[in-house]
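S.K.: Quick one: this structure, given as structure tokens, is what I'll be asking you about.
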Amino acid sequence: MSEQEGNQSEHQSEHVGESEGKLPNETPTTSQSTNASTGTAGKGEKKSSDGDPAAANPATKLTPSMAESLLELNPALRSELAGMDKEKATEALRQMNISDLLTGLSVNPKNQKDMASFKFWQTQPVIRFDDRESESPDGPIKIVELDQVSREPIPLVDGFEWVTLDIDDEADVKEFYELLANHYVEDGSAMFRFNYSPAFLNWALKAPGWKREWHVGVRASKSGKLVASICGVPAEIAVRGKSLKVTEINFLCVHKKLRSKRLTPVLIKEITRRCYLNGIYQAIYTVGIMLPTPVSACRYYHRALDWLKLHEVGFSPLPIGSTKSRQVTRNHLPGHTSTPGLRPMQSKDIDAVQDLLNRYLKRFDLSQIFSRKEVDHLLLHKEKPGAEQIVWSYVAEEPGTHRITDFAAFYSLESSVLQNSKHKNVKAAYLYYYATETAFAEKEKGLKERLLMLINDVLILAKKERFDVMNALTLHDNPLFLEQLKFGAGDGQLHYYLFNYRTAPIAGGVNDKNLPDERKRGGVGVILV
């Protein structure tokens, strides 16, 4: 399962194998555009005519010089087309879905590093860039013969050995936490770093059906120090209506001083081997950079809950012509929620939430299918003395009938502030899953209005819990409310990948200008923590 690494501002190598060894699913809260005024992007630009093929697919207008620039930003794509002359490469690009590809590029060019030895990726069952327009049906790229899968671990370079991380062992969890804290994802300016607490790791890595052998570590043989990791958890997803048992890959991390040891491809091969032995032949993962080949790409958006603090830590700049007090006022939220019957989720709501959420998610081309146990583990906080809360979930209960009509959740992932004398952390909430019965009305009548009210209430509740920012992607039905609820565009992109499964590109909620577009909904409906 090819979980990748990155060094990106919203989740981001030289080579796979010589790279920075990091692969997150979210990113530290860094944005130079957060909560600048929204709604003005694209003014003065002409809309493409639906009847103009060139307008519909910008690739048809590519010149050789434009193609050269595109390839410069895409080491992966450049590797795929190596050996072609400029005209042939340009023609090859014209045949690809460049509109989707451009939308999928990170907004920040410095995030486009080569994850390379694409010799490695060419050996893996992943979609090639030049296969985007393939007429091949959806399905596995490679049929795995279980009797040909090695029972022995992939050999490591001398001086290192495989270990299984014990998430139940306090010492192991502490060491894993320290590896991630010091060597996992930072933003591009090295101002923020994820702070994965032991409680978060237990929540993320011990979902129902979790397997201890999928928590893979590498130690230095002499010192016993943990120097690398890659993890997986089982899940069931639906791809265009077809159910798949997959592994969600996460926490690929290599110690900064060991990124010349070619550990990354070995980690990928080893987690793949272990999953194959358990009869799981597909995986899903998210990366902030472009690799072969994303099935979708979503953009990050951020909503300030404590704008002044975000400004003081360097997250939210002061827009030209504005003042601090004006920005604080602009981001003010009401003191009370508006959704009738809204209350914290309880254990008695599990069945109703599972039913509502799964029906809601069926509307998307790529979505998770939740079991009752997964709803219980991932979406319901259990009150325990001294226990850290990771997820906050709410339901709207209809008066009289007591029917659950709405559900919404967010989870917490704190980021450490690395270079600030006043603040040591940013408390970030991530918009998680939500669902509403309004989605099933004819022509989705009232859906936008309902979500504007429901998610605004989520912002209010997160503010009351003293969160500083709410992060969200352009997936689910988020394009209906992001800009109106004052979410600001971030500088990061999150690409979705399927390992050993081919499907056509899936909408990521953004248009060709990389802006939220209500017409681009219905694509991504799965969130990897």
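Heads up, the Cβ atoms here are built off N, Cα and C, so glycines get one too.
According to Swiss-Prot, the protein has these features:
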ACT_SITE  Val529  active site, proton acceptor
BINDING   Phe118, Lys119, Phe120, Trp121, Leu252, Cys253, Val254, Ser260, Lys261, Arg262, Leu263, Thr264  tetradecanoyl-CoA binding site
COMPBIAS  1-10  compositional bias 'Polar residues'
COMPBIAS  11-23  compositional bias 'Basic and acidic residues'
COMPBIAS  26-40  compositional bias 'Polar residues'
REGION    1-65  region 'Disordered'
S.K.: Going by C-alpha positions, which of the binding-site residues (Phe120, Val254, Leu263) is nearest the residue listed as 'active site, proton acceptor'?
M.R.: Val254
S.K.: In terms of DSSP three-state secondary structure, what is the assignment for Phe120 (tetradecanoyl-CoA binding site)?
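M.R.: For Phe120 (tetradecanoyl-CoA binding site) - judged by DSSP and reduced to three states - the answer is helix.
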S.K.: Using all protein chains shown, find which of the recorded positions Leu252, Val529 scores highest when you count other CB atoms within 10 A of its CB.
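M.R.: Of the recorded positions Leu252, Val529, the most buried by Cβ count within 10 Å is Leu252.
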S.K.: Long-range neighbours only, meaning 6 or more apart in sequence with Cβ under 8 Å: which ones does Lys261 (tetradecanoyl-CoA binding site) have?
M.R.: Val157, Phe160, Val254
